[in-house]
Amino acid sequence: MEDKNSVIVFKNVSFQYQSDASFTLKDVSFNIPKGQWTSIVGHNGSGKSTIAKLMIGIEKVKSGEIFYNNQAITDDNFEKLRKDIGIVFQNPDNQFVGSIVKYDVAFGLENHAVPHDEMHRRVSEALKQVDMLERADYEPNALSGGQKQRVAIASVLALNPSVIILDEATSMLDPDARQNLLDLVRKVKSEHNITIISITHDLSEAMEADHVIVMNKGTVYKEGTATEIFDHAEELTRIGLDLPFPIKINQMLGHQTSFLTYEGLVDQL
C-alpha cells in the first residue's frame, strides 16, 4: 500500500559494519513525514548517524528495505533518487571545497552539468536565501562557523532538493550561531516545503521538530511529536540523554507537563 504522507520509510532495516561485528541497527522501522521536520536523536552509539549514511548511500542495508517516495531503493535507481537528498555535515571546514563562497555553492551544480547561466542564477538565489550573497567572494577563512554552515545549506539548496539532512550540523556552533542556523532551517522548510531530517544528540534541537524519533542501542526507543516525547522526560534520562534547560526548570517548578520552550519558560517565570 502506498504511503503518500511519507518521503522516506525504513522497513525492518538491520545493519552491521563488519560481518563479524554486532548489529548497529536492529530491525529498525519508521516513517519520515513529507514536508515536516523530523529529529532523530540518541546518544553516541545509538545508531542515528548510521541511519544518515544509509539514507545517502554511504552504506547499504544488510537486511530490510528503505523506500523513497514509495520506491524501494536499489542499486539501479539509487543515483536518481539520491539527487533529491542533500546533507549538511558536522564540521563546516570538511565540506568547504571551493576557494571562495560562490565557487563552493557552484561545485555541486558543475557536477550535475548545469548550464553556466542557470548555475549563476541558482548560486545567487541560494546565497540570497541564506543571507550570504554579500559574502559571495569571501574565502572560507574569513567566515565564522555559522556562516560556513549557511554556505553548506546554500550549496544544498542550489540543487533543489526535496529532503535536507542535518547530521550534527549545529554541534560545533556557539549557542547564538546554533539558534540562528535552526531559525534559517525553519525558514527554508517553510518557504520551499522541504523535508528536514536532523540527526543529533542535542535534545534542545529536537524541540524544534514536528516529529521525533529516539534511538537507543540500534533500535527505535520512542517516536512521536516533541510534546509526546518530552512528556516522558524520565525515559530520556534513563537512556543517557540530557534534557534541555527549559524542561529541567519546568520539572523543578513541579509542573506536570514536561515539554516547555524557552519562550514558555519565560512566561512561567
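Using N, Cα and C of the backbone, Cβ positions are placed for all residues, glycine too.
These features come from Swiss-Prot:
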DOMAIN    8-242  domain 'ABC transporter'
BINDING   Gly42, His43, Asn44, Gly45, Ser46, Gly47, Lys48, Ser49  ATP binding site
Cβ neighbours of Lys48 (ATP binding site) where a neighbour is any other Cβ within 10 Å: 25
Of Gly42, Gly45, Gly47 (the binding-site residues), the residue whose Cβ has the fewest other Cβ atoms within 10 Å: Gly45
Environment of Gly42, His43, Asn44, Gly45, Ser46, Gly47, Lys48, Ser49, the listed ATP site - residues of the same chain whose CB lies within 8 A of the CB centroid: His201, Met215, Asn216
Per-residue Cβ crowding (10 Å cut-off), top of binding-site residues Asn44, Ser46, Ser49: Ser46
Residues near His43 (ATP binding site) in space but at least six apart in sequence (CB under 8 A): His201, Asn216, Ile239, Gly240, Leu241
